[in-house]
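Reading through the structure tokens given below for one structure.
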Amino acid sequence: MRDYDEAIAFLGEWGPFQRLIFFLLSASIIPNGFNGMSVVFLAGTPEHRCRVPDAANLSSAWRNNSVPLRLRDGREVLHSCRRYRLATIANFSALGLEPGRDVDLGQLEQESCLDGWEFSQDVYWSTVVTEWNLVCEDNWKVPLTTSLFFVGVLLGSFVSGQLSDRFGRKNVLFATMAVQTGFSFLQIFSISWEMFTVLFLIVGMGQISNYVVAFILGTEILGKSVRIIFSTLGVCTFFAVGYMLLPLFAYFIRDWRMLLLALTVPGVLCVPLWWFIPESPRWLISQRRFREAEDIIQKAAKMNNIAVPAVIFDSVEELNPLKQQKAFILDLFRTWNIAIMTIMSLLLWMLTSVGYFALSLDTPNLHGDAYLNCFLSALIEIPAYITAWLLLRTLPRRYIIAAVLFWGGGVLLFIQLVPVDYYFLSIGLVMLGKFGITSAFSMLYVFTAELYPTMVRNMAVGVTSMASRVGSIIAPYFVYLGAYNRMLPYIVMGSLTVLIGILTLFFPESLGMTLPETLEQMQKVKWFRSGKKTRDSMETEENPKVLITAF
């Protein structure tokens, strides 16, 4: 009896066909990188102050002193949300009184920005914040906008796998590309914050669905040796490339509507990929469409300049997927040991996700150039992914994950010790923290898959990755803490990251251990460990079914 991989082994692992699929599917991830982080510039909040109408009868001295000062980071700046009561200072101006000399400004009555705001255009010309005045009493709408995008990501995670199982990988891949690109384009015509946010939620659904289906399609078409590299370096690195393109677009296009228009262009350029990316032969076989699957394999063999056997699938009945025991979510809590491990995994995924997305979204709040900071935040991800891949090949999982979490959280805690004038050092520490947390995040898929038995492995990875979506939903509010104290987000994120690093040490080690098949074969969390564990040689290849559901 031959399985699918044996039936197509004659194709080889890394011919022209595999290289083309690797590159095209990875390239299809690029729009996900800038769409996923576009809110950084679409909803950027520029410096602002209360507007004083030109019609107000004020002397130049009173006009220049119409907005009170407040302390921010140890220095006095103009208040963003208050002004002196206009009727009062207009009366003083008419009487010829001078501010500060004849009138004590500290005793004057203040009022809110009844005539709107004046926004600085030094960094942004136009954002959704300036469009709909999402500041002061309405500043809560900015993190909510981002959170609702990630709610869409959560919803898309639920449906993307089911849709691709029902309608095919290729069809759903391009349909979700169209959703992501099309609804991003529709956002340009938003007439209200509510309309923009609802459309943004739908963009989030398309964004993650495209990512997941491209991942599934690649892991099903590519061979075992290439599959692992594709699932770690391929999709992650190209996501980071898209992320790096975002600040480049935003630097030259500082109007939010024009920026959105520019960001839809790469999605349109993906349309020709339809004629180069095939359907998954594995999926076609599962649908008993054997002739179509053979046609794809024959074309691949021709591209690789390899002779095709007379019969590729000699016993189609034997190639049907093996039936697996049905699992339920409650199986992840069936015993005390697996329940503790599941709860620990949920916390690890959620809080690592909070750190990753909060640091990514916080780049405009760093000192210096917002566009350069965003680019550096994206650039640091590439060495982080490469480092994670290299570490996973030889070193114990729980120790390396804990180490990079300690690194990431520790440097974030050091930021509060840096003098305000040394902002370049603060930025460097933030990037080092992002490096550590990104490395840890990319390792969690493999680690979780190795801990759980076959019967619940896919479900475990799926449920824990859902926890990471919850983390991304609450991450914008960690950034929002900076409105109260500039250091507060780093103190909270750093502390939580160090704590989950400690938590990671209580997981069992999975390197060198045979993948468990049943709940009884699962290793115990550290405080339940007793007796001597048997160490078996680990299979050199990952379980394909694990990799398919990893992201």
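Cβ coordinates are placed from backbone N, Cα and C, and glycine is handled just like the others.
Relative to the membrane, Met195 and Val525 are annotated in Swiss-Prot as lying on opposing sides. The least crowded of the binding-site residues Gly218, Gly223, judged by other CB atoms within 10 A of its own CB, is Gly223. Cβ neighbour count for Asn64 (N-linked glycosylation site) (all protein chains, 10 Å cutoff from its Cβ): 11.
Put simply, of the glycosylation sites Asn57, Asn64, Asn91, the one whose Cα is nearest the Cα of Gly223 (ATP binding site) is Asn64. Beyond its flanks by at least six residues, the transmembrane segment (372-392) meets 33, 37, 40-41, 229, 232-233, 236-237, 239-240, 243-244, 246-248, 250, 359-360, 363-364, 366, 400, 404, 427, 430-431, 434-436, 438-440, 442-443, 446 of its own chain at Cβ-Cβ distances under 8 Å. Sequence-distant neighbours of Asn57 (N-linked glycosylation site) (same chain, 6+ residues apart, CB-CB distance under 8 A): Ala90, Ser93, Ala94.
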